[in-house]
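Asker: Mind looking over this structure? Questions follow.
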Amino acid sequence: MRSSFFTAAVVAAFVSTALASPMPANTSASARAAAAQAAAAQRAQAARNRNPNVFTGNAGDVNGGSVYRTGDPDLDNNGTGVGGNGGTSVSLPAYARPGGDAGSGNTGNANGGDIVNTGATITNTNGANRAGNGGSSTSGNAVGGDAPRRNTKRADGGNARTGNSGSVSGGSVVNAGSALGTVTNAGASSNGGIGGTTTTGNAFGGAASAGGNGGSARTGDAGTARGGGTTNTGGTINNGGGSSIGAMGGTSTSGNARGGAGGSFSGFAGFSGFN
């Protein structure tokens, strides 16, 4: 009986010693790596919590190229002058983290290219002058972050604003002859470019918690989308053909704006009014 008790005590002591001994080197290294990775993730999350705001950058201009004739071209042949169409300028959307503000960048202009004829004698013929059409300029949406869900204290929702959108007007045609010059276009003659589409994104403020204020929302200003005009000035000008035709305007639209919901006090959740 004493022998079995002694044997059990020795086995228990051995097991306790084995459990208390350090882990193998490879296991310790992997554990340390996992701990370091977890700590880095926590630091990154803490940084995001300290800086929950998100703003996107501005987009540049994408105007179509213009055509300028000076001096004495005399004859340009078929197709003649064509202004470049405006391109597409877009700013990225912005989605804030909890409680953060969001703002999308401004977008650039996307105007169509102009056609300008100046000088003593200019003759275009056939296709004559066609200014470029306006392109597209669109600022991204912005969504403010809702107040953190686990936050039991008063917290406001994030604000949201969208950037301004640029101008997308059609290009113009200008024929300017000198006092001694003659400008003759013929063919389809001078046609202004059609206006493009310029749009600002939608803005949505974040919701509040625990009696906080809902986030504000503001959309940017939409740019112009004028149709291109035609101008003839100078000595003798003879357009012929379709002659001088101004173009239609495009579309300019400002986005929607919706403020965030205000927070409610949890103590009043079931309150239905005084008797």
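Note: Cβ is positioned from N, Cα and C throughout, glycine not excepted.
Unlike curated entries, TrEMBL annotations are predicted automatically.
The following feature annotations were taken from TrEMBL:
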- 1-20: signal peptide (SIGNAL)
- 43-171: region 'Disordered' (REGION)
- 107-131: compositional bias 'Low complexity' (COMPBIAS)
- 147-156: compositional bias 'Basic and acidic residues' (COMPBIAS)
- 211-262: region 'Disordered' (REGION)
- 225-249: compositional bias 'Gly residues' (COMPBIAS)
Asker: Sequence-remote contacts (6 or more beyond its ends) of the compositional bias 'Gly residues' (225-249), Cβ cut-off under 8 Å?
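Answerer: Counting only partners 6 or more residues beyond its ends, the compositional bias 'Gly residues' (225-249) has Cβ contacts under 8 Å with 112, 114, 128, 131, 133-134, 167-198.
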Asker: I need to check the long-range neighbours of the compositional bias 'Basic and acidic residues' (147-156): which residues 6 or more away from its ends have a CB within less than 8 Å of a CB in the stretch?
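Answerer: For the compositional bias 'Basic and acidic residues' (147-156), the list is 98-99, 206-215, 263, 266.
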